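Undergrad: Before I ask anything, here is the structure I am working with.
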Amino acid sequence: MRILGIDPGLRLTGFGLIEQTGQKLAYVASGVVKSGEGSLPARLGILFGGINEVIATYRPDTCAVEIVFVNVNPQSTLLLGQARGAAICAAVSNDLTVAEYTALQIKQAVVGHGKAAKTQVQEMVKRLLALPIAPTADAADALACAITHAHGSRLGAQSTAGYRLKGGRLV
């Protein structure tokens, strides 16, 4: 099964793809979609198009997205939520099932505790996928989200049951 992990952001949205065969995980690709400058609708359109392009290129079977945390600045939280929505819409428009995980769940699944630093997540992603160098922070977070889904489909089935989307509908 090929899993697309997404770490949403308005300026940079990280993506990471892994292939799961039984218990074995293999790295496929990772990177970021940059929205650049411009109006909010234009930037969201770039993110939507970029994730669509990733899906068309790598043909994942399912998608895992990090859930937005509530920031001190409500405006930032709203903008991040819109970027996340653009990524989810891209996945759903390509008939992918979407599972959602909190940052705490991702860190626990990949590092072993929920208060892990970004550098710890990067290092564990590097080790788990046998990469020569650690991926960038955004790509590592996306790969960690995909790894969480692969390792924790049982975790995700319970923790995100009310948030799964298929064909644009909650399942």
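One is the number of the first residue shown, and numbering goes on along the chain from there.
Each residue, glycine too, has its Cβ placed from N, Cα and C.
Just lifted these from Swiss-Prot, have a look:
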- D7: active site (ACT_SITE)
- E66: active site (ACT_SITE)
- D138: active site (ACT_SITE)
- D7, D138: Mg(2+) 1 binding site (BINDING)
- E66: Mg(2+) 2 binding site (BINDING)
Undergrad: If one looks at the chain holding D138 (active site), which residues at least 6 apart in sequence have a CB under 8 angstroms from its CB?
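TA: For D138 (active site), the qualifying residues are D7, G9, L12, T13, G14, V32.
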Undergrad: For D7 (active site), just count the other CB atoms lying within 10 A of its CB, please.
TA: 26
